[in-house]
Structures are given as C-alpha cells and as structure tokens.
Amino acid sequence: MTTSSYFLLMALGLLLYVCQSSFGNQHTRTFDTPKHRCGSEITNSYMDLCYRKRNDAGEKRGRASPLWQRRGSLSKLKARAKRNGAFHLPRDGRGVVEHCCHRPCSNAEFKKYCG
C-alpha cells in the first residue's frame, strides 16, 4: 500500500467518523420525549412534575416542603394520593400505570394525573 493510498484511507475514515458523530445527535431525548415510567419512576415523576408545580412559591423563598424532603417515603405519597384521588381517577379508561408504564407518555400527558 502506498503512502498516498494510506493517507486517503485515513482521511476517509476520519470524515466518516465526523459525519457519524455530528448526525448521530438527532435521536437524543428532549424534556418532553415520551418515555416509559414504571415503579419508583412514577413516584419520582409525580414528585418532580406535580408537586413542584404547586409549591413553586415555597421554593422561591428557599423552603423545601416536608414531603419533598422525605422523597423516599412512599406511604406519605399514598396518603396524599388517597386524599386527593389523583391516581385513582381513570383518564380515558386508563390509569397512570397503564398509560405511562405499559406505553410511553410525555411529561405533558403525565401532568394530566396531577391532582
């Protein structure tokens, strides 16, 4: 193999690498890309999308809510869900697990389950 052929092969490989890395970013997730949420991800999404939306004033004053501080406490979240019925109301005949775990859902669709 001559030097010019070797140089051409290396240049072609480098060009292919640059093209692949620049065009490969088209399939990255955005904030509202639909995704599957199951198990603790449903709880975390509820806390992030639903509770934070209602408590923005408290966060602006630098106070975190007690429920947010005890994020791992599923029993308080269950009590809150029973109190306001957020997870018990069927939406289009489906629950949040059916809608967001078995099928992907966006953040906007998930917010429909906020109380």
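Cβ coordinates come from backbone N, Cα and C, glycine included.
The number of other CB atoms found within 10 A of the CB of CYS105 (disulfide bond), across every protein chain shown, is 20. In this structure, CYS105 (disulfide bond) is part of a beta strand by DSSP. Annotated disulfide bond per Swiss-Prot: CYS100-CYS105, in sequence order, evidence recorded as experimental evidence.
The feature 4-hydroxyproline is assigned by Swiss-Prot to PRO34 (among others), with experimental evidence given as support. Secondary structure at PRO34 (4-hydroxyproline), taken from DSSP and collapsed to helix, strand or coil, is coil.
All protein chains included, GLU41 (4-carboxyglutamate) registers 13 other Cβ atoms within 10 Å of its own Cβ. Residues or ranges marked as 4-carboxyglutamate in Swiss-Prot: GLU41 (among others).
Contacts of GLU98 (4-carboxyglutamate) defined by a Cβ separation under 8 A and a same-chain sequence distance of 6+ are given as none. In the three-state DSSP scheme, GLU98 (4-carboxyglutamate) falls into the helix class. According to Swiss-Prot, the 4-carboxyglutamate annotation covers GLU98 (among others), on the basis of experimental evidence.
If you look up Swiss-Prot, you'll see PRO104 (among others) marked as 4-hydroxyproline, on the strength of experimental evidence. Sequence-distant contacts of PRO104 (4-hydroxyproline), defined by Cβ-Cβ distance under 8 angstroms and a gap of at least six in the same chain, are PRO34, LYS35, HIS36.
With a 10 A radius on its CB, GLU109 (4-carboxyglutamate) counts 16 other CB atoms from all the protein chains. Annotation comment: Swiss-Prot describes GLU109 (among others) as 4-carboxyglutamate.
Other Cβ atoms within 10 Å of the Cβ of CYS114 (cysteine amide), summed over all protein chains shown, number 14. Taken from Swiss-Prot, the feature cysteine amide covers CYS114.
Annotated signal peptide per Swiss-Prot: 1-24, in sequence order, evidence recorded as sequence analysis.
Neighbour list (CYS100 (disulfide bond), Cβ cut-off 8 Å, at least 6 residues apart, same chain): HIS36, ARG37, CYS38, ILE42, SER45, GLU109, PHE110. For the pair formed by CYS105 (disulfide bond) and CYS114 (cysteine amide), distance between Cα atoms is given as 14 Å, rounded to the nearest Å.
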